[in-house]
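One structure is given here, and the rest of the page talks about it.
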């Protein structure tokens, strides 16, 4: 009976979620266009940007290159817009199965300002992206040639000829690529403005034996960006060994200590503990004394549980192959929809715990739960989006997209939080503590420095971080580099390892805290486990300074802004894991001793 409302909420969320995911065109494989001979093949220009700043992108037509008189944009999915795509029709006249040789695209005249703009783009290693039938094609805008070392000189060249290579199987395009190396580029140094440039292109078609169903494998194995991610068994084995060692410590060593404690506390003939006794039984009447700031405490548990479900949901969808490699922004769409649809879980968990702790301001609790992550995210995103808009970057979301995202949270996210909160409030029940709590608090003895909150945070944060530190490099290289992460099964294993290590460390540190007769474990269980997020933030700073080539104000702001939000998620999520495992452990040990 107690689980009835929980199962109803979970069933409702699951059905709604599956309906949204499988009805969303960006989360499933799209059917390629079927062509007839000589049919027009639309080539979309998308974006340009510095090679080393993956999230600093601009519209292709922001550069003074060939453009039609009227720019027509393609209709984009939510995920594509969130990914910074701004696809527009190009002037390339490509016919299915019809090759072209040195067809003229346009002739343009560049003034001095436009020449300097192109030179600056080439010096920053700008690349461009075209899209044909959902297949991205990338290449560099120009070529940078180093000259003398002292004094330092360099030369800039603009590519004015593109070679398109298309591979087809029957009536479908399997793969496409663009090359800029077949013709000599045009030199932009030491020229007197205005200059006139003619752009040309060639088209080549080749039959392929690869079927359309398998073209995703070809796209993953080829591409413009380097492929450096492989299964790194050494780090996985290292993490697994660490988990087994920690489990051995908790199960064997801690169980031996508990066994001795149980024998001492439950010894026959012992009527009460004298003044010389010590340990965690002495605080049995205080250990379940509810924490201060219950409103915030329960909101953290609600949002942390939501992100746990969100993480498992994304990993499950990824391992099921729902994220198509040639479908732009599918992961962004899934993450946003999952966050909105799992808001009911946050409201339910937060309200239920708050009610069990005899909280009375349940309306404030639900509102705080709804805003605990949303408000910091909105403030951070607003600053980044404003700067991106000032830079003219495609990372700045259009006004219509902002309205849509806001409406999704207002119409779906917030109401689900309230709905879950009402169900949690009405189905909370009692806290069911195994020990009674006295009105007067027991005095806590002096705590040595190595058992302080800061010391426990260092231990509780470092050990889980060490289990995932190697994998973090690959994750950061994917999010803030040019690598494409497809090892979702390995990522799932590492995530389970992270949660396991966090749970083990939380139990151990909680026992040591109770053994020193300190019953203030509630907040400490969250702080010690959530401290992993601080270590992730420290690693992010190291990665930015030593392992990446990112530069510029916009890219730096994006990196630290979104990294801060990610570390905040780590704190909420792992803090929730630490609390629930500590609570389970404390219930167990106090259920198994004789109470006076």
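Cβ coordinates come from backbone N, Cα and C, glycine included.
Just so you know, TrEMBL annotations never went through curation; they're auto-generated.
Because the structure is a prediction, the values reported are computed rather than measured.
Annotation source TrEMBL lists signal peptide at 1-30.
Here TrEMBL flags 231-254 (among others) as transmembrane segment.
Under the heading transmembrane segment, TrEMBL lists 295-323 (among others). Tertiary neighbourhood of the transmembrane segment (295-323): same-chain residues 17, 21, 27-28, 330-331, 334-335, 338-339, 342-343, 345-351, 353-354, 357, 359, 361, 364-365, 368-369, 372-373, 488-489, 491-492, 495, 522-523, 526, 569, 572-577, 579-580, selected by CB-CB distance under 8 Å and a gap of 6+ residues from either end.
If you look up TrEMBL, you'll see 329-350 (among others) marked as transmembrane segment.
Taken from TrEMBL, the feature transmembrane segment applies to 362-384 (among others). Note on the transmembrane segment (362-384): residues 295-296, 298-300, 302-303, 307, 343, 346-347, 350-351, 354-355, 395, 409, 413-414, 417-418, 421, 425, 557-558, 561-562, 564-565, 568-569, 572 of its chain, located 6 or more positions outside it, place their CB under 8 angstroms from a CB of the stretch.
According to TrEMBL, the transmembrane segment annotation covers 396-416 (among others).
Sequence annotations record features per position, and here TrEMBL assigns transmembrane segment to 457-476 (among others). Residues 229, 232, 234-235, 238-239, 242-243, 246, 483, 485, 487, 490-491, 494, 497-498, 501-502, 505-506, 509, 527-536, 539-540, 543, 547-548, 574, 578 of the same chain, all 6+ positions outside the transmembrane segment (457-476), place their C-beta atoms under 8 angstroms from a C-beta of that stretch.
Among the features that TrEMBL reports, transmembrane segment is placed at 488-509 (among others).
Listed by sequence, the residues of this chain that lie at least six past the ends of the transmembrane segment (521-545) yet keep a Cβ under 8 A from its Cβ atoms are 287, 290-293, 297, 300, 453, 456-462, 464-465, 469, 472-473, 476, 480, 498, 502, 505-506, 509-510, 513-514, 556, 559-560, 563-564, 566-572, 574-579, 582-583, 586. According to TrEMBL, the transmembrane segment annotation covers 521-545 (among others).
Taken from TrEMBL, the feature transmembrane segment covers 557-580 (among others). Within its own chain, the transmembrane segment (557-580) is flanked in space by residues 55-56, 300-301, 303-305, 307-308, 311, 372-373, 376-377, 380-381, 383-384, 387-388, 395, 460, 464, 480, 498-499, 502-503, 505-506, 522, 525-534, 536-537, 540, 544, 550, which lie at least six positions past its ends and keep a Cβ under 8 Å from the stretch.
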